[in-house]
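Engineer: Annotated transmembrane segment per TrEMBL: 450-470, 482-504, 510-529, 556-575, 587-604, 629-648, 678-698, 710-731, 861-880, 892-911, 950-969, 1050-1072 (among others), in sequence order.
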Amino acid sequence: MQRWPVLLFLAWVCFLFVAGIGLFMSGFLLTRIELAHSSSCSDPLTPPPWDRQSLPPGSCWMPQRFSKAVLVIIDALRFEFAWFNPANVSPLPYENKLSFLHHLATSQPRHARLYRFRADPPTATMQRIKGLTTGSLPTFIDVGSNFATYAIQEDNLLAQLVQNGRKVVFMGDDTWEGLFPKKFFRSYFFPSFNVKDLHTVDDGILQHLYPTVDGGEWDLLIAHFLGVDHCGHKHGPDHPEMAKKLTQMNEMLRSLVDHLGNDTLLLVAGDHGMTETGDHGGDSEKEVNAALFVYSKTPLFGTGPPEEPEAIPQVNLVPTVALLLGVPIPYSNIGEVMAELFPGDGDALSAALQQLSVYHVNAKQVDRFLHSYSLVAQDLPAEQLQHLQEIFAAAVEEHVQLLAQMQEAVLVFPELESRLGNLISRFQLYLREARAVCTQTWARFHPLRMVAGCTLIAASCLLCYVTSELATASDSFYRSCLLYPLLWGLVVAVLLGLACTFIQEGLDLLLVSSWAAAVSQVAFFWRWWGRQPKRARVASSQPPLAAIGLRQWLRAWLGLAFPVGILLFRCGAMFSDSFVVAEARVAPFLLASLVVLLVGKLHWDGRLTVPEGPKQQLLGFSSYRKESWYLLYLVAVLLVCVRLSIFFHQCREEIPQCRPSLFIAPLASLRNTRAKNLFYLLCVASLVGLVFVVRCWLRHYGNLNSSDPLVLFVRWGFPLVVICIACYWAVASSAEDSLGKLQELVQVALVAFPWAVYGLVSVGLLLLLCNPMTVFAKDTRESAGPIVTPYLGVPSSEVDFLHVIPQIYRRMQESLKSRLERGSCKATVAAYGLGSVYSAALVIALTLLGFLLLLLHSERLSLAFLLLFLEAFVLLHIHTRARSLAGDAEPFSVPWHAVISWLLAASQFFYSTGHQPIFPAIHWNAAFVGFHLDHSTNLLPAVLVGANTFASHILFAVGCPLLLLWPFVCESPSLQRRKPKKEAQEELQEEEEHMMEMRLRESPERFSAALLQLGLKYLFILGMQLLACVCAAMILRRHLMVWKVFAPKFLFEALGFVVSSICLLLGISLVMRVDCAVSTWFSQLRLSPCLIFNSWTMTAPVRGPRCRLLAFASELLLSS
């Protein structure tokens, strides 16, 4: 077998796709340009003065109103959590818990007020912190760096305070440490990523909060609590733990107010909300609807509160706090100041003039930013910028005229009040329209890179299809066409690198790799086209109807049209947001449709019925084959599995009537102890059932007979893994109920049991890689004399072979003659498990990976994984039976319908393991399975969360070679026992037809080409789905749902492609590792007389079919 050329070719194709993905992403998900400018007190933005306005020393732009401010951020504080409804007599756990805020707002209406604090999506913590400090809108791509928190270089509120000599103290979420390095006078950071930890951050803040406030050595104090957010992630809002957390926050605020001075402003804010499942990251109403509470011991407002809380964007907080503290507004702010916090000297005229001055400063700052930004980016629409400039200029001019008329005392109060109100409205209109323009056109696309990336992906798909069709036709094609593309790509990469070095510019690895990929593709197609004879091209263009009949041509065409049509329909559905939203039901429907169409085609071809005899023709009906009924039974089981998988779906916010599956939530969320115990037993039973079925299958095919370490691990290690997982589930489901010293033991167990599983799975995989052979050889033959040779050791030349070949074949003839004379097939040497040695290794690997992925999911999803393995088993048997009934004469080629159905099942179980292609549905808890404290790096949690998210992609990609191997495994002679007894020679001849997977070693070149073709088909289908998502995101980039539906779908599809391609390479590599081990095993037999293996008859205590190697004597001679 040619191992390295196949792996190298597939790795090169994966590189082509990844280069296209990276190039497209660089054009589609660009971050907006961050200006390096910074505001300062000397900027000419001071509003026109009026008679009662004065700017005291130390203030910038506007008089300072407060000398200190406390910003309390309660992460994920949804508005409903802060709203108090006295009429609610039976509140939910998250309702009416912050009663102190209601008390302040009702008892001191001029001192306190509650707002709806509208967050801009994406509602991830890092993006909200950026918005709360810069007053700008973070872009979509920043979601990817939510846990890699790059420092904010843009002008922000903290930088302005530090620049003007103020002291900023922080305590809480350590995300701020990466965003604002060296900006804090004093800081107390606590690890934030462990969403299962409800108390570490909050308790750490409470330990330092009150002493710091009383110390007074600060100007801005920020306290970022995380308990509410983590409680939502772990339990959801409707849980008793949420009530405890909110009550704790209520008491904290009550104590904090007692420590505040009269010159201090208190701000209590939520950075975002949360869904009913406790998640966030999207733009649903409950995710963007946070709360803001403002309080001061001195009067804040000139009027009473409105009947309903006012809704304000979160970016409005930045200019408001900046002017209240007497520092410049950050340069890139696009927020609108909260004018009601500037009441003037108390009377209506003073308040209106003060608010007008505030709006004037705010509008000047936004106008300056838009002008600077348009010069650098030039992506804001020129017509809208001109319109905004006209509104701003007219408002400023009228403001100056109004103040001049006031000094001349030519206006009476009613007219003055009316004109002030109209002018304030014009400034508000300008600020809101400016923000709307930025929101609509903020994302800067790079069309050329997007088109280039899309073209690269499309060309890679074409390459996969062309090569998959030619891989089995020419064994050496892929090797001869691989060298030149790699050389050309390497040359281009080196030249571009040298050019970048010569012109002293930074080396853009993405562009270099993209150019190398494109050139290597062109070189491949050039080489491929040059190898095609001209007459072959002309002949291939002729219609096939001249050679075959119309009916046969239609049958062949429909055989490909059905699966390809299903694939094209799935790709076309990517352009519809409704189909993407409903894909959790679309994928199972397409899978079921494809299998039913396959059975229908077999029936139309007459493959399900036996040939009609005279009696059947007379009665007018046909009888079905026995194999056909078995196929229909398998299809029925598949349809049941497809239907049952729907019960494990996660809901999207776009489907309000949807209710999330009960199986997604962990067992700890169940309050009914009896139900919890019942589900626990069911989950453990599913684990035990999986291990039992796998061991039965291995025992049936004779792969559990030897005493090799791998076999011993399957016998004893698998049950031990099940015990560890079951113990972990038991401890995790009751961790909240443990008290005292038992709590410490529980915390130790929550770490120890997962690490035991990690260790056992790692040991199993290492044993599998070191020695994947699960074959047991039993020698029952009579002793034969040695082969006489004139040399020592292994034959090394053709002359040496001439001495040994006649003796080998003479001995084989004598053995055959002796067996025929005795009329029996008594075994001489039996190799148990050799016929399924490749599949056994894959089954063991998939089981180990299944254990690991099961551990990263909630307990009740073990039922979904059991369903996944069952459906994969059924699909393999349907594929095998369909090929058998269709009379497929090419066993080394996997048909398209099998590969497409396999990938549709992978997509189906992506949704049936509780996932959706949206950020709020990511299971962040997986990052802390086996880890009690925070991670030191982001790599390990990213791997764990990625494994949890793409579990189905991993399993189906690693198991993809089974599509090639399974028909050979099912080539079982068990049916022979039911046939009448035959002559010994006929029986021996029939035995030779059943060699199972050893038939693959008859043609090593065809085996290599078959693996390559299967891998290319798999990558082609993955690439077509990816290409559809890329085209949809590119064409619909201005669509209303692009950032809500199409962009997340593209990101998840791209990541899924990367994960699937890596796991596909690992699965094929494992098959090649087994093939290498089989070759070594054969070579160890060398030229001993034990080359004759026969008989499938099972004998106790050794179980499983025995495989003989008579057909491979010549191969052994050549490989030795």
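Backbone N, Cα and C atoms are what each Cβ position is placed from, and that goes for glycine too.
Keep in mind it's a predicted model, so treat the numbers as computed, not measured.
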Engineer: Report yes or no: does the transmembrane segment (587-604) come within contact of the transmembrane segment (892-911), defined as 3 or more CB pairs under 8 Å with a sequence separation of 6 or more?
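Structural biologist: Contact criterion met.
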Engineer: Quick test of the contact rule: Cβ under 8 Å, at least six residues beyond the ends. What residues does that give for the transmembrane segment (482-504)?
Structural biologist: 5, 8-9, 12, 511-513, 515-517, 519-524, 527
Engineer: So are the transmembrane segment (861-880) and the transmembrane segment (892-911) touching or not, going by 3+ C-beta pairs under 8 A with a sequence gap of 6 or more?
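Structural biologist: When sequence-distant Cβ pairs are counted, the transmembrane segment (892-911) touches the transmembrane segment (861-880), since at least 3 lie under 8 Å.
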Engineer: Test the contact criterion for the transmembrane segment (629-648) and the transmembrane segment (1050-1072): 3 or more CB pairs under 8 Å, pairs 6 or more apart in sequence, then answer yes or no.
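Structural biologist: Not in contact, no.
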Engineer: Are there residues at least six beyond either end of the transmembrane segment (892-911) with Cβ under 8 Å to its Cβ atoms? List them, or say none.
Structural biologist: 472, 559-560, 562-564, 566-567, 570, 583-584, 587-588, 590-591, 594-595, 598, 642, 645, 648-650, 864, 867-868, 871-872, 875, 878-879, 882-883, 950-953, 955-957, 960, 963-964, 1000, 1003, 1006-1007, 1009-1010, 1013-1014, 1017-1018, 1021-1022, 1025, 1056, 1060
Engineer: Could you pull out which residues elsewhere in the chain have a CB under 8 Å from any CB of the transmembrane segment (510-529), counting only those six or more residues past its ends?
Structural biologist: 12, 15-16, 19-20, 22-23, 26, 452-453, 456, 459-460, 463, 466, 470, 480-482, 484-490, 492-493, 496-497, 500
